[in-house]
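Taken straight from TrEMBL:
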COMPBIAS  347-358  compositional bias 'Gly residues'
DOMAIN    28-308  domain 'Band 3 cytoplasmic'
DOMAIN    368-918  domain 'Bicarbonate transporter-like transmembrane'
REGION    159-187  region 'Disordered'
REGION    333-358  region 'Disordered'
TRANSMEM  396-419  transmembrane segment
TRANSMEM  431-460  transmembrane segment
TRANSMEM  480-498  transmembrane segment
TRANSMEM  510-528  transmembrane segment
TRANSMEM  604-622  transmembrane segment
TRANSMEM  642-660  transmembrane segment
TRANSMEM  690-709  transmembrane segment
TRANSMEM  730-754  transmembrane segment
TRANSMEM  790-809  transmembrane segment
TRANSMEM  816-835  transmembrane segment
TRANSMEM  874-898  transmembrane segment
């Protein structure tokens, strides 16, 4: 009904792609190119020579293996010839057929009726198209479809004009027998083909058959789309139903041209835009419009400036086809090749501006009492059951072990520091109990169970100052701390009831990355600090000599041996003294080594640093092993998932094998308070004057700011849209449980806990999911995070049981765990745009990566933005390292004010690429609404124009 020439190709594509279809999107296509060749000097047969999913794979000239996946490079001439084939050939869309002989016979009959094929050549074309198919998966020939019940002995008998053998009779026998005996079920070799793992379950096939024959004078071309995809037996290498068929048979002498045309149509079928057009096309003109669109996007390389034999490696990240589709759907204005629209890069991790959290309903101010909390509960309750079912995966086990070791190390470190700061009123055991209790309850009931609770540096500073203040003024420390915790918990509950978490939307990427980078740097700094402290405790003596005798050049290394009187008489008879004996002789005669140098073991520090750096390097290498070229995909992914656990086991083995007495993990083995002067319950009255209970509200206000900032900034980072979380956030519900648990910990005299940035990011990274099936040469696509509650719950249950696992945990060297700390700190910096911009300072312009903000923002403005962010980070670091660290949360809040002030220094255009736009000046929301209106209006206008034009054509035809 739509005559050719009525609409331009762009208008046709706009109409095709703009059609609303309630059904599922078109499935993935597997395209196979078969060519008519004589194999081993025998009869002609169809031999598989190439295949496509996303990229091209060729059968190498030796015929024994597939090539590496590569970008298909086509000649412009082959595309023009393909276009001519579609213009002049037979096009059959939505053909009803269930077997290959039916399809072939229908195509041939159509050619005969249209006069494109002589009737006397019908049998020869039928026989040729039903020849056997040899796939690369097997060496032996597949049984020919034409040989089933064939009444003639060879092709020569069919093609000859002998009087005693009518071709018509042969064709009748061939066709009837083929239709009777042909099976549409896949063969055993197809079912065993491992290549099926690369295809999704709903994939369909597109078969391209090209070849030259000696009985045709003009090309025989057909493009067929079946109404329903059907299994056509052994036609395809893999057992997937066929939806498309492209057939090209031509005269002798143009085999290379036919081959290139076959590659051209196969490449088009693997292109996402043409793929959609092929599924939705109504006639020949729609297909030609699709080819025109493809030609518009083609980039031509000059023949003398590159080698066509070079196979182009697939890119690490494929550009989205949405840009091309939206161009015709009226969403955006067209862009030149190589340009990227603003929204395409906006929010890309590490590359685009913006990013960050989405201001959805979870951050809206309801204006009702506990309105946000109620919405959080309603949002998360439907997913509660799935939060346990979704954890049934091997990946969850590796995550539990990895995060458990990180949590135990952090609990021991924090507990030791807290014990020193409070004279063991809170120690390692309290740290273990508090971590297990709060973490397990939070992961079970909170809004975002991927968040891991832990103790933080600012809390430790506050505890130290509070203990010293209580000691100097004669206050009961635990009781004073209890009232501060009660007031702070109450303040947090008030924040929950008034929907104060909506302020989180003002935390832009500038604030998030400043806080996240600071915590990551603290992890890295603390890892090295602990190793240096270990080195001071076990110093390396570069002048050490095991046989050093008195007098020594340095009194520090002098050694003498003390022996009983009886052996002294023996030495006198030998005319020797203890001081003149070597170390081995001294020990042999039962002497005691006395002096600094005598107990010197120079191997401890060296071995510790080997374990430390070895753990870090091995963890990084194994985590990236999934992108290596070794082993099958499943093995690589398994090694990557268990990277940290495998590394710890390896270096625990190395430590045990070498036998050096390195520092080991020490876990409390008895369940009782660290201090004998306290119990597991802190009485609220009796230890301090009554006015202290009211005065505690003042420091509680500072603690509330600390808790709110630490918790919500980490929650914002966890809930970032680039993590593709599908079950929603729960900012109000999270803060509610942090407040409740803080009150419980205050009564039990346990440390206060809040969301830990680095460990939470590590938790998310270890639970990331990727596509199970990816085309050869295509990088697996990030699908999201395995959102569940089980990993967190088990991590904290194991942490609580660690007291009973002390005999096992004592074999883990502390340098190995410090290496894990270093890995977690470095890994959490990946994808932070601030780090990418820091690297730009050291890169010449020609070596800088193609980042979206480099295209749209002047480089001097980028460096100024980075300098301001780095200056804020340095000031926070200095503040953290002084006594003023107690106001650290207030300074984090000041980052929001700094970002606000930057609106007067940078344009909104620049900030939209470098940072999230602050809500009241957020133009993106308005732009999205405007684009939606334009798209809707464009679709309606296009439909009206089409209907009007169709009506005019109908009137004209009448």
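Glycine is treated like the rest: Cβ placed from N, Cα and C.
Caution: TrEMBL annotation is automatic and unverified by curators.
In this chain, the transmembrane segment (604-622) lies apart from the transmembrane segment (730-754): fewer than three C-beta pairs between them fall below 8 angstroms, excluding pairs fewer than 6 positions apart.
Per-residue pLDDT, averaged across the domain 'Band 3 cytoplasmic' (28-308), gives 78. Here the transmembrane segment (642-660) touches the transmembrane segment (816-835). Their Cβ atoms form 3 or more pairs under 8 Å, with each pair 6 or more residues apart. Remote same-chain residues near the transmembrane segment (480-498) are listed as 369-370, 372-373, 463, 466, 470, 682, 684, 687-688, 692-693, 696-697, 699-701, 703-704, 707-708, 732, 735-736, 738-740, 742-743, 745-747, 749, 752 (criterion: CB distance under 8 Å, separation of at least six residues from the stretch ends).
When each of the listed stretches 396-419, 690-709, 730-754, 790-809, 816-835 is scored by C-beta pairs under 8 angstroms to the transmembrane segment (431-460), 730-754 comes out highest. Under 8 Å from some Cβ of the transmembrane segment (790-809) lie the Cβ atoms of residues 387-388, 391, 396, 399-400, 403-404, 407-408, 411, 429, 432-433, 435-440, 442-444, 449-450, 452, 665-671, 763, 767, all in the same chain and six or more residues away from its ends.
Panel annotation: around the transmembrane segment (510-528), residues 356, 413, 457, 612, 713, 716-717, 757-758, 761, 818-819, 821-822, 824-826, 828-829, 832-835, 869, 872-873, 876-877, 880, 892, 895-896, 898-899, 902, 915-916 of the same chain, lying at least six beyond its termini, place a Cβ under 8 Å from a Cβ of the stretch.
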